[in-house]
Amino acid sequence: MTAAPETETRARPRTTIPPAVRAAAPGGERRRSVAQLRATDVYAMSGAAAAALALTWLLFARLLPFNGAVGFVVVAYALFLGLYALLVSFDEDGPAVADRIAAAVVRSLGAVLLSVLVFVVSYTLWEGRKALPHLNFFTEDMRLAGPLEPLSTGGIKHAIAGTLIEITIALIITVPAGLVCAVFLNEVPGRFARFVRTIVEAMTALPSIVAGLFIYATVILTLGFPESGFAAGLALSVMMLPIIIRASDVVIRLVPGTLREAAYAMGTSRWRTVWHVVLPTARSGLATAVILGTARGIGETSPVLITAGFGAEFNANAFSDPMVSLPLAALKLVESPEPNMIARGFGAAATLLVVVLALFVVARSIGGRGPGQLTRRQQHRRVVASRKDARRFSTRTHQGPPEVGPDVTSPPAAGRLARMLRAPLGVLFVRRGPVGAGRAVPRAPYGALYGAGRREVRPSGERRASDDRAGAPATRSAVRPGISLRKSAQDPRSSS
């Protein structure tokens, strides 16, 4: 009996993946959510508030001889914080208790500020409800309205017109000066710029009465101008200028430095970069700065009280006779003991309040966009303009045989500015021709500015008559007119 030879079999190699080992959770620690309001927090806050009110009432009414609304609120708030900390300490540790107390203090202060603002606005509108519904309140002045006249006679037309005229004079002065000063602070660094920035920051806290006295002493007493809307506009400009400079300075700082570097790389000067790159990029923020300065100036009373005078008639001449503004009219009208005059004063204050709130809403909506962010309408206009420029640059080809001559170092004087403004847009686009045609390759901005660097678009295989006569091979691109053939032949790089 013959035994069969044993064959050695090899097992296939297998890869064994060890099971994932879960990390053991540390004992005694709980995951704490700081951004979510839990039911226990609501119960603790409600219980602490109810207990604080009850204890305060017991102290003021039964145990101690205390009285007064202010004392009641202060004692109740202190008891609320203590009871709330005690209730939270039953479930949380020390850092969590401190965090809950700090959050309660911050939220309560925010609620107090909001309630004060709502109370001021509501009270002003409620007191002015008697005068606001009358149409004559906005279309008549106080020339024929005495203290005892009903609300159907007289209005604040002269005050509205005076406010618009004075704020227009102030804007004419402050907007150019503020923007130029903000650009100077950012683009021309140095000791003098730091000194100017310090002065501007100090002037933001300048009392309004000081600005009024300064204009009164210099313009009215020294120069001999009468009390008028012009003097009031100058006083308002002193108050508005630091606000506009400071806000514009902050906005211009937010412009990315890469945009300036790109403009400098294209060969533009510093002031051309500011005019065509920095200011358009920060346009929304600059508009917000101007609106905030306008809101500050339109509500000032002290400078106008000293420099504008007071009158009951409509005056459209800013350089003669007194001119009344809305803050000054509201102040003078509420000083009267007659109820109708007081109602007119609150009506003027309500009108001023609505205007200021509208300005702040507009500033908030405009300032929500960052530097360089455009609206849809602005984006559409940019796209349309870019398409026109791309079409023009793609069809602008070389005509006629190339000329051999000296280097052209500067473009013709006529149209130089237009080329410098339009050339950067052309390098962003490339337009393809028909099938079999060459492609217009965009060049650097200097080539577009000085007539060099442009390629001629010709169908493949097409030869120019001058090339046939000279025996030159067919080529797609024309010789640059600004480069001499002798110079290119001597250049060793031209052979490569």
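Placed from the backbone N, Cα and C atoms, the Cβ positions cover glycine too.
Keep in mind that what you see is a predicted model, and the values were worked out from it rather than measured.
Feature annotation from TrEMBL assigns compositional bias 'Low complexity' to 14-26.
The annotation compositional bias 'Basic and acidic residues' is assigned in TrEMBL to 453-470.
Annotation comment: TrEMBL describes 160-363 as domain 'ABC transmembrane type-1'.
Positions annotated as region 'Disordered' by TrEMBL: 1-29 (among others).
Among the features that TrEMBL reports, region 'Disordered' is placed at 370-410 (among others).
Positions annotated as region 'Disordered' by TrEMBL: 452-496 (among others).
Same-chain neighbours of the transmembrane segment (40-60): 66-67, 71-72, 75-77, 79-80, 83-84, 86-88, 91, 100, 104, counting only residues six or more beyond its ends whose CB sits under 8 Å from a CB of the stretch. According to TrEMBL, the feature transmembrane segment maps to 40-60 (among others).
Annotation source TrEMBL lists transmembrane segment at 66-89 (among others).
Summarising the annotation, TrEMBL assigns transmembrane segment to 101-126 (among others).
Summarising the annotation, TrEMBL assigns transmembrane segment to 159-185 (among others).
Per TrEMBL, the feature transmembrane segment maps to 205-225 (among others).
The transmembrane segment annotation in TrEMBL covers 231-252 (among others). Same-chain neighbours of the transmembrane segment (231-252): 165-171, 173-175, 177-179, 181-183, 185-186, 197, 200-201, 203-204, 206, 208, 211-212, 214-216, 219-220, 225, 278, 282, 285-286, 288-290, 292-294, 296-297, 300, 303-304, 306-308, 318, 323, 325, 371, counting only residues six or more beyond its ends whose CB sits under 8 Å from a CB of the stretch.
What TrEMBL lists as transmembrane segment is 273-295 (among others).
Among residues of the same chain six or more beyond the transmembrane segment (341-363), those with a C-beta under 8 A of the stretch's C-beta atoms are 121, 124-125, 127-128, 130-132, 137-138, 147, 151, 154-156, 159-160, 163, 287-288, 291-292, 294-295, 298-299, 326-327, 329-335. Here TrEMBL flags 341-363 (among others) as transmembrane segment.
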(request) For the transmembrane segment (101-126) and the transmembrane segment (66-89), check the count of CB pairs under 8 Å (sequence separation 6 or more) and say whether it reaches 3 or more. (result) yes
(message) Suppose I define contact as three or more CB-CB distances under 8 A, residues 6 or more apart in sequence; do the transmembrane segment (273-295) and the transmembrane segment (159-185) meet it?
(response) yes
(request) Quickly jot the same-chain residues contacting the transmembrane segment (66-89) by Cβ under 8 Å, restricted to those at least six beyond its ends, or write none. (result) 41, 44-45, 47-49, 51-53, 55-56, 59-60, 96-97, 100-101, 104-105, 108
